[in-house]
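What TrEMBL records for Arg44, Glu71, Arg72, His73, Tyr74, Lys82, Arg98, Arg99 is substrate binding site. Marked as site 'Transition state stabilizer' by TrEMBL: His168.
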Amino acid sequence: MLVQKANAGSKNKISLEYASKIAVAGLRKHKMEFDLIYTSLLLRAHQTVDVIANGMNYSNLPVRCHWRLNERHYGNLTGYNKREMADKFGEEQIQIWRRSYDVLPPKIVPENPFYCKIRNNPKFKNIPEDIFPDTESLKEVIARVLPLWECDIMKEVLKGSRVLVVAHGTVVRALIKHIDGIGEKEITELNIPNSVPCVFEYDLKTCKRVNKMQYLADEEYVKKEQEKVAKIGDYTTGKMI
């Protein structure tokens, strides 16, 4: 599994460089091979898939794209810098919206500059109208992701397929909470380091997890990136999209 959390513009270029230097290096070092890739419908995830595929010399590897792996919908915070929102609502409130299990940010409104871009995006045409989100907490992301995980991805894993999931920060948090059975309070403290692959292994006979989750990067680097993710950052950090 691999987190991909790039933003638009120059930040996306930096994140793609991380994907090349950190993700590909970790996968190569541990001699990881895959039969199938799952990812979201978002461009930055597709770009990361391309970086990994090129770096690992994968050719014609099947890629399945699904809306259930899209990044969390941050409601009316969408499109705004985290520091700007912290100045407006206070750091404590922003961190509650970012890190809590079930506290929803304000719903996105038509006046939000990203409202029409999201609603009218042709990539999202297959999302049922009755479940098209206008805001999400981690709880809603888990409910959205689990059907794909349990009915599709895990079926491939238990058939023996080596699966790589290229997703986004909150989606990976949601999956790790489910896989490791992390509590609602404890999950608020989990920070996913950007572009660092993490490995889950399963026994195909018992269909159960074996070994602990493993990050494919230096321990000090992982810790540094986790601390960076936990912070709100300054006015140059990524937007909440």
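Note that Cβ sites are derived from N, Cα and C of the backbone, with glycine treated the same way.
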Around His73 (substrate binding site), how many other C-beta atoms are within 10 angstroms of its C-beta? 25
Residue with minimal Cβ packing [other Cβ atoms within 10 Å] among the recorded positions Arg44, Arg98, Arg99, His168: Arg99
Quick check for the class: what is the C-alpha distance, in angstrom and rounded, between His168 (site 'Transition state stabilizer') and Glu71 (substrate binding site)? 5
Substrate binding residues Arg44, Glu71, Arg72, His73, Tyr74, Lys82, Arg98, Arg99: largest Cα-Cα distance, in Å and rounded to whole number: 22
For Arg72 (substrate binding site), the same-chain residues 6+ apart in sequence with C-beta under 8 angstroms from its C-beta are Glu136, Leu138, Val141, His168, Thr170, Val171
